[in-house]
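Please read the structure below before turning to the comments.
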């Protein structure tokens, strides 16, 4: 029996809750298994991310509409209720009938007993009848003021570090649908691409902070359908990641650059563009085979004939076998990702506070290894998409205490003027509520070079 967008959403949420694996990875496998159309795929992902962004509110709705608490529900039924209620209360473009009928149909097609189908149908219809009353209960401007849709351990530490007002601003931002951010090829004027998008009927504007950025605030289509995708004229990349790459300056002829944790290649491809005018060498290391394959594909699409040296290896193994030293090194370290939990809302529910200490140790080892590969007087940029001090300043302080030849240089002079407001204590440290992803980057120099 054919599976629908709602069934894919329910199954994705259930597997994520059971395994803690990233939603994007789970969803990719389910889409392939169910052979969803592009329209259904987009709808299912919107529902999944929407439920995760409004989890506290959805749980309160379930508890008010059912005699059993969410934690005592059958897991599949619980996620079905979450999917249905999210559509009814938050997804205005879905007709009421479709929200109820399609969700109940997904439960039926899963092979659930008739009694369970009737239960889900009854709860969702009750939610429709009581919508005005219940919406007041979950309204963040009213009775729902305490529903932050983030785990308590995270909001508590944000309140301690940033104050209650900023903590609430971060949570509110994270609960909004994420915008799509593009970094344009430097051969393509920003104004030209904005006009091209306008002609296609796509709302877009120039990024506030990064010079090559374009923001699409409400794009829901396929990225590959955007003009210029197949020609490699843009890369999907938040402004924070673009700005962090600029800290590797100077981009002079003959210099050598190393991207230690290249991932899908966003910063690597930007480096290739920034160094294209000179005879610079660029090396990228990525240990994960799946990411390494996508790294190669993305660089082939966006970089063209720029000479790159790619290594599917851990940084430790690469360092043991590499005879070279590099003038500039980027360590975009694996982290908890608390700065991008708006873009990846499953992160907030899958992390525990003790994870921060695990990442801190891993990040420290990567920084140590990278330092051994740095040429005298070189530049070392340490970056994460976390906003937690354990993964950022504490890692730096421990490193500098053990390496007296290194110092932090102020990021100000390497960033465009609008982005300098995002610098704190010499480091680039935007919060998610600032207009770009939550991020951290520090520019270190060796042997006293500034």
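Each residue, glycine too, has its Cβ placed from N, Cα and C.
Annotation source TrEMBL lists active site, nucleophile at 385. Neighbours of residue 385 (active site, nucleophile), defined as other CB atoms within 10 A of its CB across all chains, total 28.
According to TrEMBL, the feature S-adenosyl-L-methionine binding site maps to 286, 332. Sequence-distant neighbours of residue 332 (S-adenosyl-L-methionine binding site) (same chain, 6+ residues apart, CB-CB distance under 8 A): 241, 244, 259, 260, 261, 263, 267, 383, 384.
Under the heading domain 'SAM-dependent MTase RsmB/NOP-type', TrEMBL lists 168-447.
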### Message
What whole-number Å value do you get for the CA-CA distance of residue 385 (active site, nucleophile) and residue 286 (S-adenosyl-L-methionine binding site)?
### Response
17
### Task
Provide the number of Cβ atoms within 10 Å of the Cβ of residue 286 (S-adenosyl-L-methionine binding site), excluding the reference atom itself.
26
